[in-house]
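What TrEMBL says about this one:
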- 27-120: domain 'HPt' (DOMAIN)
- H66: phosphohistidine (MOD_RES)
Amino acid sequence: MELSQTPHNALFNEEKLAELHQIASGNKDFLKKIAETYIRQFEAKFPELRRMVLERNHEQIEQLAHLLKGASYSVGLDETAARFHQLEVAGETNETENLEPILDDIEADMRRFDQEWEARLNALS
């Protein structure tokens, strides 16, 4: 199974965004709520994930990464989800060294998400 169908350097899976836009019938308030829900979940769980990486708690790394992977896929962040998948596998296999660069990449993705979400959905209108 291929984890990501998003071109390199593209933040969003355009097909998933189009699907979300269609499900919402273009309702921007609904789409904004989807984004806000994702951001809230990320802000609640990502600091805990970072802490578990520092503590090398492989079970919690696996669980938190799995949760955030699914949430990321749901908003079309395939590359971010793939990064969470890397963390999930690291937790499963108890290979918890050198995960900080992945966390840093995820944080960079989230900064882009904040900037690009609305613009990408507006382009679909």
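Indices start at 1 and increase along the chain as displayed.
Cβ coordinates are placed from backbone N, Cα and C, and glycine is handled just like the others.
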Integer mean pLDDT for the domain 'HPt' (27-120): 95
All-chain count of other Cβ atoms within 10 Å of H66 (phosphohistidine): 16
Summary of DSSP states over the domain 'HPt' (27-120), given as helix, strand and coil counts: 81 helix, 0 strand, 13 coil
